[in-house]
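S.K.: Below you'll find the structure I mean.
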Amino acid sequence: MSNQTSSRFIFVTGGVVSSLGKGLAAASIGALLQARGFKICLRKLDPYLNIDPGTMSPIQHGEVFVTDDGAETDLDLGHYERFTGVKTTKNDNITTGKVYHNLLKKERRGDYLGQTVQIIPHVTDLINSFILHNTEGLDFVICEIGGTVGDIESQPFLESIRQIGYKLSKNNTIFVHLTLVPYIDAAMELKTKPTQHSVKELSAVGIQPDIILYRSKIPLSKEQRDKIANLCNVSPTNIIPALDVKNIYELPISYHNYNLDTQILKHFNVNSPDPNLSKWENILNISHTLTKTVTVAIIGKYIKLLDAYKSLIEALEHASIHNRVKLSIRWIDSRSLDSNGINAFDNVDSILIPGGFGDDGVKGKITAITHARLNKIPFLGICMGMQLAIVEFANNVAHLEDANSTEFNLYCKNPVIHQLPELQQNFLGGSMKLGSCPCYLDANSKIFSIYQQSVINERRRHRYTFNLQYKDLLEQHGLTFTGKANNTDDSLIEVIELNNHPWFIGVQFHPEFKSSPFHSHPLFISFIKASLSYQEAK
């Protein structure tokens, strides 16, 4: 492993339990260093054996975040992009599965020249290469290690960052460990023992944390902080609260107020001006003064785990702040919705159908689309949401018999949605149309008025598309196709709109992946504005 790098490395690990907010902590560190003028990048190392999360259930894993270059990645990369504005790539997320996939290809090629291939050094060398690659011009590289210290899957990654810490020395590496300090209601007391045990687990693999972030409802007392410092060999000034917040965009300011960025720079002996956090303060000031509320109904089948829609929720929040309104989301399980359950839409200001897979819950989504179309309620369909809007229109307006998607019925009479021919293969993983692609907009369309440009670039993740054989027929009945992948007549359809409706748009791409709190996505801004107009017109 070469130690020729001018970048400094920040490793973020987690202990006690998962879902403490390592990704948000890493993103906040990146935002704070960026606010001081440093160049940063963020990377995620996931210990699961899948090559990527593309085939994992959203109920288990949460959303799959798609990068511009078409990588299906962990949702934390979405936090990285939204907090820092730095675009992530396929080279910023690695899994155990990807490491072993590359390792075995190298072994089969004979790259190891007859060696016995082992976890150390061969697996750890590949992980080290991932961490250290493409760091030219970067002041800081922030690496989040997925999972929890003590998990068997995490051991090769922890060994790798231990090696890097040893090779590059304390002057170029820092270990930040996030733990849980639970509050026991019955005893009315914070408990530090889980943190002590977590640090002990980390020390057992040769890593001494330099900073401890503790997730808690309230800050520790000085006595409790000193106790952790003494037992964990960490300076009391480096034991920093990761307090619960109402809005995740409070985190950078909260961490700064507790000197997280100051202590990191002190560790590296780096001087810098104070961070400019005015844009974060502005977002919070706006969000704290909102009075009017719009209610968006989201109809999906993964609502048991809202992380399945993480980027979508954030994009709607960004657009709501931009429009100076509070956002209220009414989550509706598509599998429990039928034509008799339309009272679920009472007092909603708009309806949104997000992306998804499979026929489970499709009838409920169709019911929602019909309700939005007939009652002139603002409607946004994303990916499958657009496809189902076409299916609903073909059946109920164009009166095509048995119009459907071949995803749900391979032998339907009128397949208005069918599989992309070039994607018809046996493998499920990595077999979709992925990443950023251009989309050409009709100059006379609502979508053009929203974007104010004729060519846009958006990220895609789909296997099915509109069947162009039905284009003329559906246009005759009032459906317009206002965005396409290129300027040819046989181009893939990317955007649909409905005539005689105030705001009814379907998009094949995923606009939620390109929204941030400081650059709200124009499509969501327009959608929330239409929701507000609908509310005011009631």
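Cβ atoms are placed via backbone N, Cα and C, with glycine included.
Keep in mind that this is a model prediction, so the values were computed, not measured.
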S.K.: Given that Swiss-Prot annotates MET384, GLY385, MET386, GLN387, GLU407, ARG463 as binding L-glutamine, state which candidate in GLY300, GLY341, GLY356, GLY435 belongs to that site as well.
M.R.: GLY356
S.K.: Which of these, ASP76, ASP92, ASP111, ASP125, does Swiss-Prot list as part of the ATP site with SER19, LEU20, GLY21, LYS22, GLY23, LEU24?
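M.R.: When Swiss-Prot describes the ATP site, the candidate it includes is ASP76.
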S.K.: According to Swiss-Prot, SER18, LYS191, THR192, LYS193, PRO194, THR195, GLN196 bind UTP; so which of LYS222, LYS227, LYS246 is the extra one listed there?
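M.R.: The candidate from LYS222, LYS227, LYS246 that Swiss-Prot ties to UTP along with SER18, LYS191, THR192, LYS193, PRO194, THR195, GLN196 is LYS227.
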S.K.: Tell me the coarse DSSP state (helix, strand, coil) of LYS22 (ATP binding site).
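M.R.: The three-state answer is helix.
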S.K.: Rank the binding-site residues SER18, THR192, GLN196 by how many other Cβ atoms lie within 10 Å of each Cβ and give me the one with the fewest.
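M.R.: Looking at the binding-site residues SER18, THR192, GLN196, the Cβ with the fewest others within 10 Å is that of SER18.
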S.K.: Measuring Cα to Cα, tell me the gap between LYS227 (UTP binding site) and ARG463 (L-glutamine binding site) in whole angstrom.
M.R.: 55
S.K.: Would you count the other CB atoms within 10 A of the CB of HIS510 (active site), including those on all shown protein chains?
M.R.: 23
S.K.: Among all chains shown, work out which of the binding-site residues GLY21, GLY23, GLY356, GLY385 has the most CB atoms within 10 A of its CB.
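M.R.: Going through GLY21, GLY23, GLY356, GLY385 one by one, the largest Cβ count within 10 Å is at GLY385.
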